[in-house]
Amino acid sequence: MRMERSTEQLTRCSTVTLAEETVEDINNITASRTEKIMSVCRKTLRWIYMVDLALALGMTVLLAILEFNVVPYQQIGFFCNDPKISFKFTGDTISMALLIGFSIGLPLVVIWIVEYVCYPADSYESASCYGTRGRQIWRWYGHYGAGITTLTLVCEIMKLLIGEPRPHFLDTCKPREADNCTDEYVSSYTCTNTEFSNWFVNDSSKSFPSGHSALSVYTSIFLVWYLQNRLPNRTLFLKPWLQCLMGMWAVTCSMTRVGDNRHHWWDVLAGDVLGLLFGLFVVTVPCGHFCLERTAAAVAATHALNEPLENGQIGGYDVRRKQSAKKLLNPAVVDVSEGREMKDITTWRE
């Protein structure tokens, strides 16, 4: 009996020593690998940020050139008695400044709040260059920004190429050719209105597609998809309520463009389709449905935070397995089978 206990004790001590050495070696290898990865990441991210900044500045300059009529736009003409372009200009329910503010600021605020409130810092650990919370946030927001900039550029190019008059075209442009015109078709015209700026007068010939609709739908799709994949299901109504608010923002922007006589209904529909397509592409391809490539420890940390304890597991992480590992590394803890009396190994004698 004493010989069996001595053999068992020797075996346990050898196992503990081997496990401790293995864990130490793994930690050293991991630390060395992490340092190399971070060194490469710092150099890589520096070049990535420089290239992204240059591209962003280039697209901004291009948008300014297109927006402020540096490039001539297409004039498709009009019928003098066309009731679809004879409305009065009454202003914008949702101004351009409000649209830009929501489109730029709202996604960033939502992402930061969700990531900082709902997830611990160690849940972002990964072998990639985006293994921190801040970098991951800016990565997603960068994809969003690239998408919305490209969408705006596409809308501006379409406006220049098509040149469709807005519903308030005759009131805003006051074309000279429409003074003594009845039923004729005017293919070329010159605006004479001096009450508004040249930019606004020329903008009356850029109805298709609706930029408000495109940007609002794009923002709504992005945020609805983000909340669905990143906001934990801790309450019954919070996530659907927030998603409903995002959807209502898109609906409100689209409907008011028709109600304010700023766009025809087909302009709004085309803008909605563009925003939908761009939004779906960004959330599925660049953002990858907002899934993280994380280490096992990061996954366990996230699951432990978000999932309840069920059947000895926390979010799919086996607590009993973790306890077994602790017992292996702690010589003071001994597994005792049924029918045996628990004793400390310090009381064993050879």
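Each position is counted from 1, following the chain as shown.
Each residue, glycine too, has its Cβ placed from N, Cα and C.
The domain 'Phosphatidic acid phosphatase type 2/haloperoxidase' feature in TrEMBL is assigned to 141-283. Sequence annotations record features per position, and here TrEMBL assigns transmembrane segment to 47-66, 94-119, 140-162, 210-228, 240-259, 265-285.
Counted over residue pairs 6 or more apart, the CB atoms of the transmembrane segment (240-259) and the transmembrane segment (47-66) come under 8 Å in fewer than three pairs, which marks the two as apart. According to DSSP, the domain 'Phosphatidic acid phosphatase type 2/haloperoxidase' (141-283) comprises 97 helix, 4 strand, 42 coil.
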